[in-house]
Every structure is written in C-alpha cells, then in structure tokens.
Amino acid sequence: MDNFEGPKEECGVFGVWAPEEDVAQLTFFGLFALQHRGQESAGIAVSNLQRIMVYKDMGLVSQVFDEATLKSLPGRLAIGHTRYSTTGASVWNNAQPTFRATALGGLALAHNGNLTNTHELEAWLSELAPSEHVPEKKTMDSTNDTSLVTAIMASFGDEPLESVAMKVLPRLKGAFCLTFMTERTLYAARDPQGIRPLVLGRLANGWVVASETAALDIVGASFVREVEPGEFIAIDERGLRSQRFAEANPKGCIFEYVYLARPDTTIAGHGVHAVRVSIGRKLAEEHPVDADLVIPVPESGTPSAIGYAQGSGIPYGQGLVKNAYVGRTFIQPSQTIRQLGIRLKLNPLREVIEGKRLVVVDDSIVRGNTQRALVRMLREAGAKEVHVRISSPPVQWPCFYGIDFATRAELIAPGLTVDEICRSLGADSLGYISLDGLTEATQVPADQLCRACFDGRYPIAIPPAQAELLNLEESK
Ligand code: SF4
C-alpha cells in the first residue's frame with residue numbers, strides 16, 4: 001500500500017533524442033511522471049553532441065532539479081533516472097545515470113530492474129583486457145549492478161558501442177530496461193522476458209523512450225509501441241535502428257498491474273486503471289460479503305474498490321483521507337510522530353464510516369502491520385464491521401527482478417492460513433483475489449507473465465545461493 005510499508009518499486013528510466021527541444025526539461029518532466037518508481041535519487045545526463053554532462057543527487061526529482069540547474073544542461077539528447085535502491089545502498093555513488101569515459105568518448109547509462117548474474121558479470125569484467133578507462137582491478141565506484149554494466153561496456157577499447165552492446169546485452173540475466181547514450185546516440189534495451197515495461201514514443205522532431213506511457217503523455221509524445229523484449233534500439237541523426245539481441249520470451253511482471261505502474265499507464269495494450277477495476281469486480285465475485293459501504297485504501301486501492309462496488313452492488317465511498325505528501329520527505333519522523341503510525345498517512349472520515357459494515361480494499365499485504373493499524377483505526381472511528389479485500393494473492397516469495405517486498409521471513413503470508421492472517425489483522429473477514437482471477441483480469445496469458453512472488457516459479461534463474469536459501473525445489 002503506497003510505499004508506506006508496502007512493495008518498493010525499483011526505478012524509472014527515460015531517454016529523449018530531440019535536437020530542437022530543451023531535452024533536459026523534457027527529461028525532468030518525464031522523470032516527474034515516473035517519480036512513483038523511485039524516490040531516493042534522481043539524475044539526468046545530457047549531451048550537446050560534443051560532451052556529456054551528468055547531474056544527479058539524492059532526493060525527489062523536484063528536490064534535485066530546479067530551473068537554474070536545468071538551464072545549465074543544454075543539449076540534443078538526454079537520459080534520466082529515478083531510483084529506489086534494490087542493489088547497493090542508498091548513497092550518492094549509486095545514483096544514476098552512471099558515467100564512464102571510453103576510448104571513443106563518454107557513456108552514460110540508466111537501469112530499471114535487477115540483474116541476477118552479477119557474479120558472472122564481475123568475473124567477465126576482470127577477464128576483459130585492462131584498459132585505461134576501466135582502471136586496475138576495475139574497481140567499482142559503487143556497488144550497483146548498473147555500474148558493472150557500464151564498466152563492462154567501457155572495456156571494449158575503440159569498438160563502436162552499438163557492436164559492444166550486441167555482445168554485452170545477451171550476457172545480462174535478470175530484469176533490465178536500459179537507456180544509455182554516447183555524445184551522439186541514444187540507446188535503449190529491454191531484457192528478453194520484458195519483466196519491466198519500456199515504451200517508445202514520437203515527438204514532432206524526435207524520439208522518447210520511457211518506463212511507462214504516462215511519461216510519454218506528460219512530454220507530449222505519442223505512443224509508438226513497446227520496446228520489444230530482447231530488442232536493442234539506437235536513435236541518432238540517421239534515424240531509429242532496431243536489432244534483436246535475444247529471442248523474446250515475454251514474462252511481464254504481474255505486479256505492475258496490481259500496484260507498481262501508474263493507473264494512467266497502458267501495458268500490453270491494456271489500461272492499468274481498467275485492469276484494476278476488473279480485478280475489483282473479480283474480487284467481489286470470489287469474496288462476496290454483506291456490507292454497507294466499499295472504501296479504498298487510497299490511492300492504490302481505489303480502482304479495485306470501484307470494481308468491487310460495481311461487482312457487488314454495495315455503494316462506494318471515501319472513508320479515508322490520504323496525506324499525499326507523506327513518504328515523500330527525507331525528514332525522519334521523531335519517535336512521537338512515528339507512534340502515530342498510520343495516521344501520518346491516512347485519517348478516517350468518522351461521519352462516513354460510523355456504524356457501517358465496511359469493505360476495505362487494498363492492493364497487497366506485505367508484513368501486515370499497516371493493515372492491522374488500519375483495521376484498529378477504522379474500528380476506533382466507529383466502523384461496525386471491517387472486511388478486508390486484497391486485489392492480489394498472498395505475497396509468498398521475494399522478488400529478484402527489482403521489487404523490494406521485504407525478506408521472506410518478514411512477509412506475513414508464508415506459513416499462515418488466510419484465517420490466521422485475518423485474525424492477526426483483527427478483521428471480520430479477509431479475502432485475497434486468486435492468482436487465476438488476477439491473471440484473467442490482466443488479459444495476458446499466464447505463460448507470458450512473471451507471477452513468482454505469488455507462486456515461487458521464477459521465470460529467470462535466481463542466484464543459486466538464494467534459491468537454496470528459499471528451498472525452492474520443495475516449494476513447487
Ligand atoms: S516476482 Fe513478483 S514483483 Fe517480481 S517481477 Fe515477478 S511478479 Fe513482479
């Protein structure tokens with residue numbers, strides 16, 4: 001539920017090639033639309049065709065950039081990034097885009113996702129011939145997998161980046177949407193499973209790539225198509241060139257539909273808001289209850305609550321008011337404030353909920369602490385009954401492809417029955433949508449989705465040590 005203690009999205013990427021536009025400003029607005037995908041750091045790399053400048057810092061997009069900073073970044077092409085740390089700590093060095101000098105100039109790179117074969121890649125990096133650009137032992141200036149890819153790409157001497165990328169990309173395993181650039185060319189690539197979304201858009205005089213279609217809308221770009229899984233794109237004054245570095249084997253992340261993507265984004269031809277409404281309708285079918293009012297946990301529970309109300313015929317209303325700015329500040333709350341817990345984020349509308357039998361719709365339960373506090377708060381505000389409905393199945397497994405749910409030990413679902421979880425939350429009833437119901441609502445065939453956090457079937461091999469730790473073989 002909305003980054004309070006819920007799943008944390010990995011990153012958002014953006015790229016633009018538009019010689020006649022203010023590309024730094026376009027990138028700023030693109031990142032602004034992708035802020036929900038990462039709120040720890042933001043950065044932009046821009047090139048005026050001669051040299052690349054990178055500006056990045058910790059904080060939200062609007063905290064990192066102001067008018068003066070953007071004006072100091074003139075150029076013809078740019079990439080940008082918003083980060084939530086999945087690999088490597090949340091420190092400045094791990095902010096993106098990363099930058100490296102190569103034999104041919106500069107290379108800036110931004111990554112959304114998480115690689116699963118970093119050990120292999122580290123070994124490969126140390127095998128590659130030493131070069132002045134990737135110094136002795138190739139010591140990394142940061143601990144993230146993005147720097148590793150940048151360092152590998154910079155290790156190929158004066159070989160053109162386009163051919164270097166066709167050697168490097170097939171060796172990356174895991175989830176990756178990359179935008180990268182040299183002084184003259186913008187590049188984008190998406191892993192063969194297409195775990196994370198990446199789309200291509202057209203400006204009157206240029207091209208845009210972005211994590212979500214909502215970022216195309218905000219900069220006035222029209223949607224052209226998705227970057228295909230396994231596709232590598234280059235854009236410069238010669239136009240757009242597309243190559244395939246691997247066969248597509250689509251396994252899009254089902255959690256993008258549940259929670260991660262913006263509701264006004266379109267994935268695989270389906271609007272995310274509409275999918276969430278239809279998840280809510282299915283939830284009403286699967287877990288009906290006699291009640292007076294359906295309320296969402298705003299904002300992420302809203303579309304499914306609308307769907308639940310439509311499916312059940314129970315009136316829909318707003319019973320909770322959200323403080324939209326909580327979770328978007330770097331000021332750590334004091335102990336006194338922290339004790340207020342959920343009230344920092346949500347406040348009940350007593351006059352709406354008093355004496356009512358409520359259906360409360362939320363997108364997921366990770367640890368359960370938030371929902372427990374929520375149920376208590378609604379009862380204190382006078383709710384007669386509280387029936388919790390969740391628009392995703394129980395989260396049973398960690399994600400290795402860029403989402404931070406917490407460790408398996410911290411998840412509430414493994415080892416507990418739904419009844420036990422319901423009791424632990426203090427709710428009158430609890431219903432999760434089934435995995436089949438959720439899959440049907442996305443309208444994407446099950447074999448083209450990653451659903452591993454719900455069923456433990458990881459479509460891309462996870463590091464052996466992790467698989468052993470999770471005892472995966474037994475789980476299936
Ligand atoms: S494990 Fe879950 S969150 Fe991670 S990519 Fe797969 S479906 Fe998405």
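Placed from the backbone N, Cα and C atoms, the Cβ positions cover glycine too.
Automated prediction, rather than curation, is the source of TrEMBL annotations.
In TrEMBL, the Mg(2+) site is described by Asp362, Asp363, and among Ser300, Ser429, Ser434 the residue recorded at this site is Ser300. In the record from TrEMBL, residues Cys399, Cys450, Cys453 bind [4Fe-4S] cluster; the candidate from Cys253, Cys422 listed for the same site is Cys253.
Excluding Cys253, Cys399, Cys450, Cys453 themselves, the residues of that chain whose CB lies within 8 A of the CB mean position for the [4Fe-4S] cluster site are, in sequence, Ile195, Ile254, Phe255, Tyr401, Ile403, Arg451, Ala452. Fewest Cβ neighbours within 10 Å among the binding-site residues Cys253, Cys399, Cys450: that distinction goes to Cys399. Ligand 1 lies under 6 Å from the Cβ of the following binding-site residues, listed in sequence order from Cys253, Ser300, Cys399, Cys453: Cys253, Cys399, Cys453. Per-residue pLDDT, averaged across the domain 'Glutamine amidotransferase type-2' (11-238), gives 90.
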